Amino acid sequence: MFINRWLFSTNHKDIGTLYMIFGAWAGMVGTGLSILIRAELGQPGSLLGDDQIYNVVVTAHAFVMIFFMVMPIMIGGFGNWLVPLMIGAPDMAFPRMNNMSFWLLPPSFLLLLSSSMVEAGAGTGWTVYPPLAGNLAHAGASVDLTIFSLHLAGVSSILGAINFITTIINMKPPAITQYQTPLFVWSVMITAILLLLSLPVLAAGITMLLTDRNLNTTFFDPAGGGDPILYQHLFWFFGHPEVYILILPGFGMISHIVTYYSGKKEPFGYMGMVWAMMSIGFLGFIVWAHHMFTVGMDVDTRAYFTSATMIIAIPTGVKVFSWLATLHGGNIKWSPAMLWALGFIFLFTIGGLTGIVLSNSSLDIVLHDTYYVVAHFHYVLSMGAVFAIMGGFVHWFPLFTGYTLNDTWAKIHFTIMFVGVNMTFFPQHFLGLAGMPRRYSDYPDAYTTWNTISSMGSFISLTAVILMVFIIWEALASKRVVKSIPLTSTNLEWMHGCPPPFHTFEEPAFIKSSNK
């Protein structure tokens, strides 16, 4: 029965599919919002006519892409589908809680969308800083609805994190240690730990903001002995681990894709990859104030946060060079998934380099809140996280559906997307260096050229998104059934065929220990 299967599901594959579909739909909404932003900035003068509505669109774009596209697809979609299969578990540890984690997201999304329908909407930026997010600058229910939306999304992620940690630690076959699990499983576990430790801090911060707005507390109001900078510390203590939460599962997927299409049976430097992810996870918690170099911190504090931020480049570099070493000497298959992975490595590295530039507190004081920052994090998100999602999707699509994509269309899609995102975000480095500030709906004529090129690029990306919908339709309509998958001995998730049966590993898997 349809309702029993899809509403009350306790099956990790079905819930993973729900996450995928929800994330894809939210991704369309987020893309639409980004097109509105680039349409407004395509030429000087005003299109939407109102700075408040522009900022509402920018804020919604960020929230939708982060909480309803990247996280549901990477952690909820790929995580649910692949983690139990990769460790030989029959399902997740808490299957009903898994269902609840998913069904908290649509109401959360509804609250976010409704926040833009009441009063003037929440035009605060995704950081929701007071006093702009206070009840004076944002009277009405908009920001409150946004806060409740974040609460629900946060509870969803925390429950999911508990579920993944328990599953990965507890549900492996007795014979295998944690250091024999695939890198994607490691990446999801580390991501889950980051979620578990960082989200409660965000919840605390936005709950205090909620009481400041509605119950006359003064946590962030100097008039009552509060401090708006406290909010920034609480937010970024969550916000920085969050950006690693968005990219770590991508690291795991890229490791699998690069290994597979290089014809290797294991990635280069497995232990180094694991330790690099653990280091990134740990360091992600002790660098948060690099988002706050302009609030007037002591020089020694700035020196610490600059150095600590630069240290993160080391484990990240370990990962990049290990991917390149995995490619080395391989029998490389230029499949669409491999193209996405290679694009990821190249563009993520560029994003990482601009991150090193921004980690210098003195430089950041000039570049903070300019388009240089926008360019930086879109290189690691729009070309890091999204490329990893696309690579993972085209790689595992036969596993999820049992059908094959059209290779030629998939490669064309990659090419259009690659051109589009680079044309959109590369010029923004120049805008930032020339001093164009973020979160403004208009700009002096001097910035016209690069903005126009950037907006053209965004429409090319939109074309790629629409083409992707066609490619998925084409695959599901043509029904080219998967015949056989090579290398299943080192890729456990493919062992049960494509697609795998509804229940897998109902009896505990017997793992023969090969290294003894």
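A Cβ is built for glycine as well, from the same backbone N, Cα and C atoms used for every other residue.
Site annotation for Na(+) in Swiss-Prot covers Glu40, Gly45, and the matching candidate from Ser382, Ser441, Ser454 is Ser441. Site annotation (Swiss-Prot, ligand Cu cation) includes His290, His291; from His240, His376, His378, the additional listed residue is His240. Topology note: Gly42 and Pro501 are separated by the membrane (different topological domain names in Swiss-Prot). Only sequence-distant pairs (6 or more apart) were considered; of these, fewer than three Cβ pairs between the transmembrane segment (336-357) and the transmembrane segment (270-286) are under 8 A, so the stretches are not in contact. Distance between Cα atoms for His378 (Fe(II)-heme a binding site) and Tyr244 (O2 binding site): 14 Å, as a whole number. Among residues of the same chain six or more beyond the transmembrane segment (371-400), those with a C-beta under 8 A of the stretch's C-beta atoms are 16-17, 20, 65, 70, 73-74, 78, 81-82, 243, 246-247, 249-251, 253-254, 256-257, 260, 335-341, 343-344, 347-348, 350-352, 354-355, 357-358, 410, 414, 417, 421-422, 424-426, 428-429, 431-433, 436-438, 468, 475, 482, 485, 493-494, 498-500. Long-range contacts of the transmembrane segment (299-327) within the same chain: residues 251, 254-255, 258-259, 262, 264, 267-269, 272-273, 275-277, 279-280, 283-284, 286-287, 289-290, 293, 341, 345, 348-349, 352, 355-356, 359-361, each at least 6 residues beyond the stretch ends and with a Cβ under 8 Å from a Cβ of the stretch. Residues of the topological domain 'Mitochondrial intermembrane' (358-370) grouped by DSSP class, helix first, strand second and coil last, total 9 helix, 1 strand, 3 coil. Contact check: the transmembrane segment (183-212) against the transmembrane segment (12-40) gives fewer than three Cβ pairs closer than 8 Å, residues 6 or more apart, which falls short of the contact criterion.
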